[in-house]
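According to TrEMBL, the protein carries these features:
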TRANSMEM  A:12-37  transmembrane segment
TRANSMEM  A:66-84  transmembrane segment
TRANSMEM  A:96-114  transmembrane segment
TRANSMEM  A:120-141  transmembrane segment
TRANSMEM  A:150-172  transmembrane segment
TRANSMEM  A:203-221  transmembrane segment
TRANSMEM  A:248-268  transmembrane segment
TRANSMEM  A:274-296  transmembrane segment
TRANSMEM  A:303-324  transmembrane segment
TRANSMEM  A:330-351  transmembrane segment
Amino acid sequence: MLKLEKRPQPSRVFAWLTPLMAVVLTMIAGGILFAMLGKNPVEAIRVIFWDPLFNEQFASYSRPQLLVKAGPLILIAIGLSLGFRAGIWNIGAEGQYILGAIVGAGVGLAFYPLDAWYVFPLMVIGGALGGWLWAMIPALLKVKFGTNEILVSLMLVYVGEQLLASMSLGLLKNPEGLGFPGSRNLKDYPSAFNDELIAGTGMHWGVLTAFLAVIFAYILLNRHMLGFSIRLTGEAPRAARFSGVNPNLLILFCLGMSGLMAGLAGLFEVSGPSGQISIDFNTGYGFTAIIVAFLGRLHPVGILLAGLLMALTYIGGELAQLMLSLPSAAIQLFQGMLLFFLLAVDLLTNYRIRFVKREKA
Amino acid sequence: MTQPLLKIDGLTKAYPGVVANDSVSFEIGEGEIHALLGENGAGKSTLVKMIYGLVKPDSGTMQMRGEPFAPPEPRAARAAGVAMVFQHFSLFDALDVAENIALGMEDPPPMRDLAARIRSVSEEYGLPLDPYRTVGDLSAGERQRVEIIRCLLQDPRLLIMDEPTSVLTPQEVEILFQTLNKLRAEGTSILYISHKLEEIRALCDTATILRLGKNVGTCVPRETTARDMAEMMVGSELQTPKSAGAKLGDIALDISGLSMPSPGQFGTALKNIHLELHRGEILGIGGVAGNGQDELLLALSGEERVPSDAIRLGGRPIGKLGPNARRAAGLLCAPEERLGHAAAPNMSLTENALLTGAVRRDLANRGFLRWGQAREFAEEIIKKFDVRTPGPENAARSLSGGNLQKFVIGREVLQKPYVLVVNQPTWGVDALAAAAIRQALLDLAAGGAGVVVISQDLDELMEVSDHFAALNEGRLTAKRPTKGLTVDEIGLMMGGAHGMEVAHAEA
C-alpha cells in the first residue's frame, strides 16, 4: 500500500526535479496518445521537441520563432509570478497585454509619419502604462472594496477584446487600408518598428526586456526586502502583517507590475512580429503565461526555461500538425498534460511516498 | 479483585523518528477518575487516540471488561461506550447548541426531542445550557459544556477529557469538578489528561505518569506531593526561575482609553483599556481564552491601528504607527500562534529571523537584504536560547513547539526591547523550555525593560509577574500586586464563573 508522508521541510532536490519528471511523463503519456491516434510516437515526439531546433529543413525558420514566442511568455509570466508568490491572482494578463498593444501602437500611430528616435521609446512607455492601468482596475477595486481580483481581472480580458475589435474597426483603422479592419502595419514605419536586433535570431527588444525582467525578478525576490515581503505574504499572510507588510500596497505593486510587464509584451508584439492592431491580434499568451509561471515553479530562472520549453511545444506542435497531420486538439491536450503532470508530481516536494504493508485488521 | 473497566497491555506506537508509546500498560477501574500525566510530547495524546480508535497501535492489546477491545475507528469506540472531550473544540460557531450536538450523532432525533434531552441532561449534571443559543456567542467554558453534554448523551462508560481546565476560570473549574465527581458516583470512569498537578491531586483517584512514551510510574495523587509528581514527569530536578528583583523605573508603556472594534466576526472588542507599565516591571495579564487577549496583542504590535494617544511608549504617542515603526521605537511583540503568525512555517530560520529583526538589527541596507547578518542573527538566537536544530537553514516547521517558541522569544529578547509583549509564551512547551523562557523574561525585566505577559496559565503568571490584571470580555481590570493575591480573588478578576454559579445551588 502506498502512503504519503509529509516531509519535515520541502525537498530542494525535488523542487528542481519535478519539472523534469513532468516533462518526461508528458512525453510518455503524449506518446501513448499519439500512438492511439495511429502515429509513430517516437517520431511525433521527435518532431515536436527536436526538429524545430535541429532539422536542417525547418530550423532556419523555427529557431528564431523560439525566441519570438518565448519572449512574451517569459515577460508576462515573470510579472504574474510576483503576484502568485504573494497569493495575488492576476488571471487577466491577456487583457493587459491587449491594452498595452493598443496604447503603445496608438502612441506610435499618433506620430505617423514623423521620423524621430523618440517615437519607439514613447511607445514602450505607452505600452507599459496601458497594461499597468488595466491591472490597476482590479487592484483598486480589491483594495477599496475587497472584490475578488481573479474574477475582475478575468472579466476585463473580455472587455479588452471588445475594445481591440472596436479599435481595429474604428479609431486605429488604417485610413489607406481599403476598408479592411486593422491598423497601419508598423513594419512600414521604421521609427515605430521593433525590428530584430540581430538578423535571423528572432531577438528583438521584447526578448531582451524579458531577459532583463528575469534578472530583475531574481534580484527582487532574493535580495530585496520587497521581494521578501512578497514571499512572506504568500507563505503566511498573518506573519507578513505581523512583520509589518502593508497588504494593500503589496496588492497594488504586484498587480501593477504584472500589468506593466504584460502591457510591454503586448507593445513589443504589436510593433514587431505582429506589426498591426487587428481583431485577432491576441493569441492567448496571457493565459499560457500562467502555465509557464507554474511550470517554472514561480522562480525567475525556472520561468525562463519553462517559457523556452512552452514555445518549443508550440512550434513543434505546429510542425507536427503540418508534417504528421496530427489534430490541433491533440497538441493542445499534450500541452495541457504538462501542467497536470507538474501539479501531480509537485506533491513530491512536500511529501514522500512510502510503501507500507497493509496493517492487520 | 474486581475486573477493571479498561485494561491496557503493552501498547506500542511508533512514528518515523519517534516512539510515541513504548509498551504502556495500566488499568482504569469502574467508577474511577484516572489521571494521565505527562509533559507535552510524552505520548498522552497518542495513547488516548488509540483508545478512541483514531490511531491503531503497532502492538499490544486492550480489554474492555474482559473482552478484547480494538476499535478500528472512533464510531466503534463510541459504540463500546468510550466518549472523548477534545482540548480543541470541534463546534461550528454559526450553528446553535442543539444543531452542533445533532451533527455528531449517528441518527439524531427530531430537534425538539433533542433539545429536551439536552435540557434534562444539562440540569441533571449541573451544566445549564440553552439548546437554542448560537455557539459563536458562548464563552469557552460554555462551549466545553456543549462538548461534555454531547458525550453524556451517549451514556458513556469511559469519558476521556483532554486538558479540560485550560480554558476555564478557577470558579468554572470548581463546577466542572463537581460534575465529574457526580459522574464518578454514578459509576462512570474518567480518564483525565492534564499536566496541572494540583488539579490532579484534588480530583483523581490514581495517576499514570508518562515520560518519553514510557509509563514511568503509577501513584495515588492524594498521597504524593506535587513536586514528586513533577519530577517523575520531567525526569530531573526542576529549576524554578528566579527574579533578580529589579526596582521599578519610569513609566515605559502607557495605555489610556484604548478601545478597538473586533477585527474578526467572532472576536472580542477591546473596551476602554487603561494600563501603566514601568521599566523593570513584569505585568501578567490573565483571563479565559477569547476575552480580548489576541486583540490586545494586535493593537500593541501595530497590526491594528488605534488612536494615536491611546498607546504611549516612553511618553511618545504610537497608536497610529505600523509594526516596523513601533519596533524602531522599542515596542516588540511575540504573538501566541507560533506557526503562521509569529513565524512562517515553510521559511528557514534565517528568513524568520529577518521577519521581525530587519529594523532593529539593521538587516537591510536601503531595502537590500544582508543575508550574512540575518544568518548570524539566527545563529545567535539558536545559540543563546539553546534552540535544538541542525542549523538556521532549516524550515521553522521542522522544529518542535518548544524549540520554535524559544526561537520566537529569543528573536525578540535579543533585539533589546524597551517594552516586550508576549502572548502565551509557554503554551504547548515542555517544562524545561518553559522554565528557560520564563527566566529570559525575568532577566529582560531585571535589565530594565518593561514586560507584559499575556497568559492563560495562572501558575505561570504567579511565578513571573510583579503585578496582575485580568481581561474579561475586552475589559482590563486594574492591576494589583501579585504577592498576596488569592485564587478566589484572581477568579473574580477573571469574571467569576460567567454566570454559572446557579447550577449547583441545590447540590
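Each residue, glycine too, has its Cβ placed from N, Cα and C.
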Problem set entry | Contact ranking winner - A:12-37, A:66-84, A:150-172, A:303-324 against the transmembrane segment (A:248-268), Cβ under 8 Å | A:66-84
Problem set entry | For the transmembrane segment (A:203-221): best-contacting stretch of A:66-84, A:96-114, A:150-172, A:274-296, A:330-351, by Cβ pairs under 8 Å | A:66-84
Seminar exercise, completed: Contact set of the transmembrane segment (A:274-296) with the rest of its chain, CB cutoff 8 A exclusive, min separation 6+ beyond the ends, reads 19, 22, 72-74, 76-78, 80-81, 84, 91-98, 101-102, 105, 157, 161, 164-165, 167-169, 172, 174, 181-187, 193, 262, 265-266, 302-307, 309-310, 335, 338-339, 342-343
Seminar exercise, completed: Beyond a gap of at least 6 residues from its ends, the CB atoms lying under 8 Å from the transmembrane segment (A:66-84) belong to 52-53, 90, 93, 97, 201-204, 206-207, 209-211, 213-214, 216-217, 220-221, 230, 234, 253-255, 257-262, 264-266, 268-269, 272-273, 285-286, 288-290, 292-294, 296, 298-300, 303-304, 306-308, 310-312, 314-315
For this session: Determine which residues of the chain contact the transmembrane segment (A:96-114) at the Cβ level, with the cut-off under 8 Å and only residues 6 or more beyond its ends counted.
Result: 72, 76, 90, 120, 122-135, 157, 160-161, 163-164, 167, 171-172, 183-184, 186, 189, 191-192, 258-259, 262-267, 269-271, 274, 276-277, 281-282, 285-286
For this session: Find the member of A:120-141, A:150-172, A:330-351 that has more C-beta pairs under 8 Å to the transmembrane segment (A:12-37) than any other listed stretch.
Result: A:330-351
